[in-house]
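One structure below.
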Amino acid sequence: MEDKKKIIFSGIKPSGDLTLGNYLGAIKNWTKLQEEYDCYFCVVDLHAITVKQLPADLRRRTLEVLAIYIASGINPEENTLFIQSHVPAHSEASWLLTCNSYMGELSRMTQYKDKSKKMGDSIGAGLFNYPVLMAADILLYNADLVPVGKDQMQHLELARDIGTRFNNSYSKTFTIPEGYVPKEGAKIMDLQDPSKKMSKSDANPNGFILIMDEPNVIRKKISRAVTDSIGIVNYTDEQPGVKNLINILCAIKGYTPDEVVKMYDGKGYAEFKNDVAEAIVEELAPVQEKVKALLGDKKALEEIYKKGAEKANYAAMKTLRKMQKKIGLIPR
């Protein structure tokens, strides 16, 4: 009998248009996981509304993120692709877990602390409870592994703590997940300020490349990317702008940083930047084409997310019913 595949859960918020960082740092890696694991890839729209969204934009981006998953090579026949709000168990489980969470542990979350410093008392309760919803997302599917970046590791630790606490209080209910850090997978930094991660919420549009950016826009943004006055392509922390561009090229082409440094020995930044830009354009062109085709066939896309929600709902409801029974709620 063949071993049961381990379960992976991951998702992206449709709170902004997706960037090259989302693609190279997450989605491209997910495509490599689908053979080996039973994958649940979600568009986490309920997380997006912790900050007010324009309804039409949220709907557009939710479908676009789903289309990007598929266009990047994630097979909807082999994986469970769905929209978070289409599986009501996420919201229900989140409340049950909220009642097993502590104010202290939630207020210690770095992202919440950073945002509350800026926003004070006007910070939304949704941002405070965000990590509990994330815990529900993961625990509902009994995920073994969760691909996470460093910025989400603290939230995953909390999910583990909440899951363990529930198991200890009510008997074994959840698999306690591990963080999955892929061997490959670059952390792509801001093109204008390489000390921070490339982010779709950046105020300066030259700092990020969107997956759906036109080729000429990509070329322009890379040509304006911050480098330095050294003029030599080196992979070193002293040249963070150049290092970031090397990481982008390596993530796309499969080179090692040393190989890139050798390739551009004696060559200037102009040629190097030009090659990085062309590599990005070449990588994203087929993805963009497929995304446009998928968004042009809303019926086919709807079929995919409805089928995905059905499959996700089946798994999530099994866990939710266990939770309800153990807590003492009367089955409906």
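For all residues, glycine too, the Cβ spot is worked out from N, Cα and C.
Annotated in Swiss-Prot:
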- Lys13, Pro14, Ser15, Gly21, Asn22, Gly149, Lys150, Asp151, Ile188, Lys197, Met198, Ser199, Lys200, Ser201: ATP binding site (BINDING)
- Asp137: L-tryptophan binding site (BINDING)
- 14-22: motif ''HIGH' region' (MOTIF)
- 197-201: motif ''KMSKS' region' (MOTIF)
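Non-local neighbours of the motif ''KMSKS' region' (197-201) in the same chain are 15-22, 149, 151, 187-191, 207-210; each lies 6+ residues outside the stretch with a CB under 8 Å from one of its CB atoms. The helix, strand and coil residue counts that DSSP assigns across the motif ''HIGH' region' (14-22) are 3 helix, 1 strand, 5 coil. In sequence order, Thr19, Leu20, Gly21, Ile188, Met189, Asp190, Leu191, Gly207, Phe208, Ile209 are the residues near Met198 (ATP binding site), counting only same-chain partners six or more apart with C-beta under 8 A. The residues of the motif ''KMSKS' region' (197-201), classed with DSSP into helix (H, G, I), strand (E, B) and coil, number 0 helix, 1 strand, 4 coil. Geometry remark: Ser15 (ATP binding site) versus Asp137 (L-tryptophan binding site), CA distance 17 Å. Among the binding-site residues listed here, namely Lys13, Asn22, Lys200, Lys13 has its C-alpha nearest to that of Asp137 (L-tryptophan binding site). Note on the motif ''KMSKS' region' (197-201): mean pLDDT across this stretch is 85. By the criterion of other Cβ atoms within 10 Å of the residue's own Cβ, the least surrounded of the binding-site residues Ser15, Asn22 is Ser15.
Fewest other C-beta atoms within 10 Å: among the binding-site residues Lys13, Lys150, Lys200, that description fits Lys150.
Other C-beta atoms found within 10 angstroms of the C-beta of Ile188 (ATP binding site) number 24, with every protein chain shown included.
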